[in-house]
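Student: The structure's right below; bear with me while I get my questions together.
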Amino acid sequence: MTDPHRDRPLRVALLGHGAIGSVLAERLTAGAVEGAELVAVITRSGGRGGATAAGVPVVGLDTGIAAADVVVECASVAAARELGPAVIAAGRTLLLASIGALNEPDAARRLTTGPGRLLLTTGAIGGLDVLTAHRQAGGLRDVAITSTKRATSLLQPWMDPAQRDALATAAAPVVAFEGTAADVIDLFPRSANVAVAVGLAVGDPGAVTVRMVADPDATRTTHRISAVSDAGRFHCTVENDPNPDNPASSALVPYAMLAALASLARPSGRFA
Ligand SMILES: NC(=O)c1ccc[n+]([C@@H]2O[C@H](COP(=O)([O-])OP(=O)(O)OC[C@H]3O[C@@H](n4cnc5c(N)ncnc54)[C@H](O)[C@@H]3O)[C@@H](O)[C@H]2O)c1
């Protein structure tokens with residue numbers, strides 16, 4: 001099958017214009033991805049019209065979907081669950097940052113049944129391809145991810161004042177969560193997309209041990225991922241600078257999404 005955009009640029013719409021979306025908009029407008037063109041930014045109030053500072057139309061969901069070949073979600077887990085299925089139902093490609101959306105069965109079904117296709121960004125981490133290979137090899141076990149970030153990035157509305165205080169004033173690293181990738185996303189929706197990504201790579205979020213650590217001295221967000229299979233052992237550590245506009249988000253994420261768009265725009269001879 002050839003892509004419908006092969007004789008023209010890949011038309012991209014952003015769903016979300018925050019820390020990740022702003023970098024995407026700026027880089028796409030600057031021509032950072034050859035063969036891709038930013039045609040719209042979808043916001044909650046986009047139906048009222050307007051444009052970004054760079055002149056990109058700000059639109060509502062339906063107009064954005066109609067204008068685009070690919071919608072890039074960089075909004076939230078809730079937005080991905082609520083709005084993503086319309087992108088898929090319209091036959092468009094949806095590139096998802098909020099991978100945790102797939103942890104809810106009904107949303108997962110609606111996001112993966114087509115006719116559009118769902119692509120997942122590697123986002124803040126790496127090694128998902130190697131984990132997938134280990135899964136194919138068989139005997140996968142001891143899959144774990146430990147995410148360490150500054151305490152303020154892990155504070156959640158559901159925490160009681162004592163929990164919030166304990167995290168915010170800790171003098172040493174504190175384990176804020178220990179459980180599985182299936183359980184963590186609704187508790188830490190902005191920080192656990194990577195855990196669900198590991199869960200999807202190994203085929204079972206419930207089999208992934210997740211630790212969320214608040215470190216008062218953390219200047220970067222660190223993800224340590226490990227696994228064992230019949231083909232060997234896997235260890236991967238990434239140390240991400242925070243996004244200057246949102247310290248809870250890693251600076252790397254928009255660049256992972258740009259890499260995915262580059263692969264879509266010029267699919268030949270790239271890592272998949
Ligand atoms: N996969 C990964 O590694 C990874 C890493 C970081 C963040 N994320 C995901 O990306 C999301 C965005 O991250 P960010 O740092 O840019 O967050 P952000 O809060 O800086 O920006 C989110 C933007 O989306 C907009 N938005 C939210 N709901 C919307 C809706 N229903 N319709 C239209 N716009 C909506 C907000 O107004 C905001 O402008 C996070 O919530 C998280 O789920 C994934």
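Each Cβ is built from the backbone N, Cα and C atoms, and glycine gets one as well.
Okay, so TrEMBL annotates it like this:
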DOMAIN    16-111  domain 'Aspartate/homoserine dehydrogenase NAD-binding'
BINDING   Ala124, Asn193  NAD(+) binding site
DOMAIN    172-257  domain 'Aspartate dehydrogenase'
ACT_SITE  His223  active site
Student: Listed recorded positions: Ala124, Asn193, His223. Which have a CB under 6 angstroms from an atom of ligand 1?
Tutor: Ala124, Asn193
Student: Look up His223 (active site) in the DSSP assignment and reduce it to helix, strand or coil.
Tutor: strand
Student: Do you know offhand how many angstrom separate Ala124 (NAD(+) binding site) and the residue listed as 'active site' by C-alpha?
Tutor: 8
Student: What does the structure give for the C-alpha distance between Asn193 (NAD(+) binding site) and His223 (active site)? Integer Å is fine.
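Tutor: Cα to Cα, Asn193 (NAD(+) binding site) and His223 (active site) are separated by 12 Å.
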Student: What does DSSP give as the helix, strand and coil breakdown of the domain 'Aspartate/homoserine dehydrogenase NAD-binding' (16-111)?
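Tutor: Going through the domain 'Aspartate/homoserine dehydrogenase NAD-binding' (16-111) residue by residue, I get 46 helix, 19 strand, 31 coil.
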Student: My understanding is the cutoff is Cβ-Cβ under 8 Å with a sequence separation of 6 or more in the same chain; which residues meet that for His223 (active site)?
Tutor: Ala124, Ile125, Ile145, Thr146, Ser147, Thr148, Val194, Cys236, Thr237, Val238, Asn240
Student: Could you pull the average pLDDT for the domain 'Aspartate/homoserine dehydrogenase NAD-binding' (16-111)?
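Tutor: Mean pLDDT across the domain 'Aspartate/homoserine dehydrogenase NAD-binding' (16-111) comes out at 96.
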Student: Any idea what DSSP makes of Ala124 (NAD(+) binding site), helix, strand or coil?
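Tutor: DSSP call for Ala124 (NAD(+) binding site): coil, neither helix nor strand.
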